[in-house]
Every structure is written in C-alpha cells, then in structure tokens.
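J.: So Swiss-Prot says this about it:
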- R67, S68, G69, N80, L84, I85, D86, M94: substrate binding site (BINDING)
Amino acid sequence: MKLDIKILDPRMREQLPAYATTGSAGLDLRACLDAPLTLEPGQTVLVPTGLAIHLADPGYAALILPRSGMGHKHGIVLGNLVGLIDSDYQGQLMISTWNRGTTTFTLNPMERLAQLVIVPVVQATFNIVDEFDTSERGEGGFGSTGKH
C-alpha cells in the first residue's frame, strides 16, 4: 500500500516512519521536538510528529499505538489509549503522551515514541430487529465465560 505523507518539519525527511523489522506491524513514530520534554508523573501532553498522512480510501484507517517498551519500562503510554486516524483526516499526527509512572520522564527530540498501524475498516449499516437469534453467550459479559 502506498501512503501519502506530508513532511511538516524538514528534520523528518531523514526520520520517516519505518518498520523496525520485516515482521513489524507498526511504523515507528518519533517525537518531533526542538528540545527535551520533561513529563511529570500524571502529566499528559500532545507531542507533534512533524508529519501528516492522508489515507484517502475509506476502507482503511490508521491506529497510533504505544511502543511496548515505553509503557513497560517507563510508564509512558498514550493518553487516549489508542489514536484513531480516519481515512479523510489530513492534519498533523499528534501523540497524546501520558506519564502514568511515578517518576519524571524526559522525552528527547526524535525519540521513537509510538507506532502507526494501518488497518482495514468495514463501515456497517444497521438492521433493526426486535429480538436477536439466541446465542450460546446471550447477554453474558464481564467475565461470564469464566476465569481460565
């Protein structure tokens, strides 16, 4: 798939999103900062990427997801948990960055912060019914299928 990308900050020309390995699902996104950014515990900030994308095809969307090491090692996760980029969005990709940890964290310019995953989208239409056909699960939820 070819993805239209607009470089909003000239430094990003040399730091385009990239797959770390041939098996990677996500493209690494970097913090397009001019100086280190200190996040205090509990603080959330929007971090620019210096890039914009346009998927154009309503059959696709992009997800901004955390990098596992940032969350596990440093407590740095996404403030919105998952960023959803619709196919018709054309603005700068911003990363809602939340320090859920207990210590201060410093994010450096051009540090890999999140990942972008392109996913297929199915737009549903509704079929209004009075009752559903019976299923094995029914209305059971929130642990109703057991612990293990």
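A Cβ is built for glycine as well, from the same backbone N, Cα and C atoms used for every other residue.
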J.: Have a look at the binding-site residues (I85, M94) and report the one with the fewest Cβ neighbours inside 10 Å.
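T.: Output over binding-site residues I85, M94: least Cβ neighbours within 10 Å is M94.
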J.: In the structure shown, with every protein chain counted, which of the binding-site residues R67, S68, N80, L84, D86 has the densest set of Cβ atoms within 10 angstroms of its Cβ?
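T.: Counting every other Cβ within 10 Å of each candidate, the maximum falls on R67.
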J.: How many neighbouring Cβ atoms, not counting its own, are there within 10 Å of the Cβ of G69 (substrate binding site)?
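T.: There are 10 such Cβ atoms around G69 (substrate binding site).
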J.: Please find, for R67, S68, G69, N80, L84, I85, D86, M94 as listed binding substrate, the greatest distance between any two Cα atoms, in Å.
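T.: Farthest-apart Cα atoms in R67, S68, G69, N80, L84, I85, D86, M94 are separated by 26 Å.
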J.: For M94 (substrate binding site), which DSSP three-state class applies?
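T.: Note: M94 (substrate binding site) is in a strand by DSSP.
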J.: Under a three-state reading of DSSP, tell me whether S68 (substrate binding site) is helix, strand or coil.
T.: helix
